[in-house]
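*Asks:* I have a structure I would like to understand better, so I am pasting it below and will then ask my questions one at a time.
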Amino acid sequence: MIELALVFQVAIFALAMHFAISSRRFHLGDPLFYYLVFHGIFFVLRPIAVHLFDLRFVVNRIGFELSDELFVWTLLCSDVGLIAWLAVGATVRGIGKNQLREVSALLSRTPHEEQTALFVAIAILGPIALYSAYIGIEARVLNGSGEAGLVLDQATGVTINSTSTGYLNDAQYMLGSLVLLSMVCLKGLFVRLAILAAFLIVRLSIGNDRWTVVFLLCSLGILTSARRGNYRIPLWVYLAAVPAFAIFTLLGEARYFIRDLFFGTALSSGQPAEVKTIIDRLNGPDIANFEFLAFIVNTVPDRTGTYSYFAQWLQLFTEPIPRILWADKPVGAPISLFSLNHYGNFFFYSRGMIGDAYMSLGIPGVVIVAGVFGRLISATARKLMSGGMGKPGVVLGIVILPLTIQWLRDGGVVQITKFVMWNSLPVLLWSFARSQLKKKRRLTRLRGVYQ
């Protein structure tokens with residue numbers, strides 16, 4: 001039964017890949033590319049590995065039975081999301097060659113105003129981002145003592161901010177966008193490498209959020225391709241995918257190494273790291289969205305008695321309010337119909353977009369979320385990446401497109417909203433300063449003509 005379902009899963013994925021490649025949508029400038037990468041890793045390769053190698057660590061840790069029927073039903077749920085995203089994405093026109101040439105021309109020019117606007121954005125937002133990074137480093141150097149305002153709620157497994165706000169704590173995500181803007185506006189290989197190295201040191205000192213490094217590198221890849229006049233994936237990217245994933249995994253296991261080196265802290269017991277086999281690494285939770293979704297499908301609504309009806313999204317409105325101003329602020333969403341943690345050890349695990357949608361309304365929820373947001377993201381990406389909104393639009397698209405995978409993997413609408421907001425803010429401020437400087441230059445020229 002499972003073998004047949006996996007064959008069907010591979011066949012559906014192959015058809016989706018064929019459509020993307022034949023319609024010239026399998027490139028770095030289309031959201032469908034990121035969905036297919038996500039789906040291929042998490043819902044094609046992962047379930048195959050779970051079945052072939054009998055991976056049970058995540059299932060046993062959460063505490064549920066992954067029956068054959070549940071296995072197949074979980075695959076079906078993931079396919080519904082893929083088909084819905086694919087169907088709505090197909091209604092959006094692709095990017096033409098003339099538009100790609102225009103994008104290349106936009107990125108090849110760097111007027112003086114753009115460099116000045118970059119320094120304005122760095123001067124205004126840089127200190128906020130660095131302070132936010134300092135909060136993150138301090139919170140972890142203090143080993144969870146809560147002195148930095150971050151306290152783990154034992155009942156829900158949610159880290160709450162007792163003296164600050166989650167939005168300020170996440171302002172550090174602006175660093176990646178500021179680095180990308182520097183790559184767009186500044187010349188000189190040494191200068192750009194120095195900026196990139198400084199970013200990596202700061203991020204690795206914080207220790208968490210490995211994805212911020214991956215997103216920046218992905219954005220740099222899009223920028224490189226766009227400057228060439230296309231969004232096609234170079235051969236070296238395919239060749240580098242496996243070692244890059246290995247490095248990502250190793251960073252997860254030694255994510256505090258840089259921080260320990262600089263701050264002299266040590267969370268480990270000092271014992272030498274155990275050599276892990278490939279199976280041991282696959283058995284971990286890093287790419288276990290298949291098992292996470294299986295648990296949600298197994299739990300909602302049979303054990304919870306209800307769907308969440310998107311109530312968890314209400315946290316968008318309460319998240320910005322600091323807990324110091326609202327002592328009774330709810331942990332998580334202001335309205336909670338149930339907690340997955342009451343039905344299994346789901347602490348620190350993510351629902352993913354598909355899981356969050358299924359938890360909200362079952363299969364119809366998956367269709368609604370994948371359909372609505374798939375269409376919205378595809379249309380927005382096409383507008384930005386085709387040069388329809390000028391150079392700022394292209395840069396904004398380069399910044400936010402890779403974030404698609406983060407939402408697909410983690411599924412938290414609050415977290416992805418903050419992530420998109422903080423990553424976009426430097427580009428928006430840079431664009432505003434750039435337009436004001438250009439207006440000033442035009443006015444100066446007009447005055448010179450009339451005088």
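Backbone N, Cα and C define each Cβ position, glycine as well.
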*Asks:* Quick one: sort out which of 9-28, 309-328, 389-408 is the transmembrane segment according to TrEMBL.
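*Replies:* Of the candidate stretches, TrEMBL labels 389-408 as transmembrane segment.
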*Asks:* With the transmembrane segment (357-377) as the reference, which stretch in 70-96, 116-137, 178-204, 389-408, 420-437 has the largest tally of C-beta pairs below 8 Å?
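*Replies:* Answer, by Cβ pair count: 70-96.
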*Asks:* Cβ under 8 Å to the transmembrane segment (32-49), counting only same-chain residues 6 or more beyond its ends: which ones?
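*Replies:* Result: 6, 9-10, 13, 16-17, 20, 25-26, 55, 71, 74-75, 78-79, 81-82, 85-86, 89, 282, 287-290, 352, 374, 378, 401-402, 404-405, 408-409.
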